[in-house]
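Student: Okay, these came from TrEMBL:
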BINDING   Ile15, Gln16, Gly17, Arg30, Thr93  substrate binding site
BINDING   Cys34, Cys38, Cys41  [4Fe-4S] cluster binding site
BINDING   Trp40, Cys41, Asp42, Gly95, Ser137, Pro138, Lys139  S-adenosyl-L-methionine binding site
BINDING   Thr43  Mg(2+) binding site
DOMAIN    21-222  domain 'Radical SAM core'
Amino acid sequence: MSNVIYRVNEVFETIQGEGIYTGVPSVFIRLQGCDVGCPWCDTKHTWDVESGDECALDQVDQPSHDQKRWASATAEQLIQLVMQYHAKHVVITGGEPCWYDLNPLTRRLSDHGYQCQVETSGTYPIAIDPRAWVTLSPKIAMRGGREVLTSAMFRANEVKHPVGRQADIDALDALLARCPSSAAIALQPISQQPRATQLCIQTCIERNWRLSAQLHKYIGVL
Ligand SMILES: C[S@@+](CC[C@H](N)C(=O)[O-])C[C@H]1O[C@@H](n2cnc3c(N)ncnc32)[C@H](O)[C@@H]1O
Ligand SMILES: Nc1nc2[nH]cc(C(=O)O)c2c(=O)[nH]1
Ligand code: SF4
Ligand SMILES: [Mg+2]
């Protein structure tokens, strides 16, 4: 038994809408808490961890619909929730999941035959089972002032970069020059903006990178 306690905003099943596993049925575990401060963040309700928002674990076993609520759970309790669903792929996101030691959770899930994928900003050390897939979405010069860690870039299996304009691609180039990576690279337009989407399509074709278009927003699932 581990004594790591996770603060959980929601657990639910959907279709992975981002990155290389796009289209894969997945159980999402969204952890509460992030101080990176991306101005366009989809999940601002996960930033703060306020004691007044704590709730019972059975309340987070469904989509939170942008509520700030969170419940405390051990890895074992989370696995019991995950096992109620069909999917064999588990996405751990947030918030910033690397606020937490993910070893107990990802080790047990992997032992139970689940493929784990973690979505992270790369600004905290990644403590995770070696079998887990790491999707790193580098956050460069965000308001929280945190930097992308070289160790996180080294661990990443996939680098999925949010793009609003050309300067974001230039910043990714500078990061890759500083931290050479063998990870697959995907560009993700910010908030379905048409100009960003066109820029991502054009750059992905020129460079043989992947496009990550947030499929869930186009097909209307969470
Ligand atoms: C909400 S974050 C949570 C995990 C972690 N904090 C991170 O940033 O990777 C999950 C993914 O959504 C992306 N994302 C958040 N808001 C977005 C937006 N408005 N448009 C496109 N991607 C967004 C992030 O870049 C990240 O790849
Ligand atoms: N369907 C779906 N796919 C996702 N991939 C990454 C997500 C996230 O918020 O981390 C996300 C999400 O919120 N929904
Ligand atoms: S790091 Fe992730 S959760 Fe945190 S503000 Fe940025 S996109 Fe949102
Ligand atoms: Mg999302």
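Yeah, the Cβs are placed from backbone N, Cα and C, and that goes for glycine too.
What's the neighbourhood like for each of these?
Tutor: Sequence-distant contacts (6 or more apart, same chain, Cβ under 8 Å) of Arg30 (substrate binding site) comprise Val8, Asn9, Glu10, Val11, Thr43, Thr46, Ser64, Thr93, Gly94, Gly95.
Over all protein chains present, the Cβ of Cys34 ([4Fe-4S] cluster binding site) has 26 other Cβ atoms lying within 10 Å. DSSP assigns Cys34 ([4Fe-4S] cluster binding site) to coil, not to a helix or a strand.
Residues near Cys41 ([4Fe-4S] cluster binding site) in space but far in sequence (CB under 8 A, at least 6 apart, same chain), listed by position: Cys34, Trp47. In the three-state DSSP classification, Cys41 ([4Fe-4S] cluster binding site) falls within coil.
Around Thr43 (Mg(2+) binding site), a 10 Å sphere centred on its CB holds 17 further CB atoms from the protein chains shown.
Computed over the domain 'Radical SAM core' (21-222), the whole-number mean pLDDT of the model equals 98.
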Student: Spatially speaking, which of the binding-site residues Ile15, Gln16, Gly17, Ser137, Lys139 is closest to Cys38 ([4Fe-4S] cluster binding site)? Use C-alpha to C-alpha, please.
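Tutor: Of all the candidates listed, Lys139 is nearest in space.
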Student: Any idea of the Cα spread of the S-adenosyl-L-methionine site, Trp40, Cys41, Asp42, Gly95, Ser137, Pro138, Lys139, as a max distance in Å?
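Tutor: Pairwise Cα check on Trp40, Cys41, Asp42, Gly95, Ser137, Pro138, Lys139 gives a maximum of 15 Å.
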Student: Helix, strand or coil at Lys139 (S-adenosyl-L-methionine binding site), per DSSP?
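Tutor: Reduced to three states, the DSSP call for Lys139 (S-adenosyl-L-methionine binding site) is coil.
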Student: Select, from Ile15, Cys38, Asp42, each of the binding-site residues with a Cβ positioned under 6 A from at least one atom of ligand 4; if none does, say none.
Tutor: Asp42
Student: If the criterion is a C-beta within less than 6 angstroms of any ligand 3 atom, which of the binding-site residues Arg30, Asp42, Thr93, Ser137, Pro138 pass it? List them in sequence order.
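Tutor: Listed by sequence, the hits amount to none.
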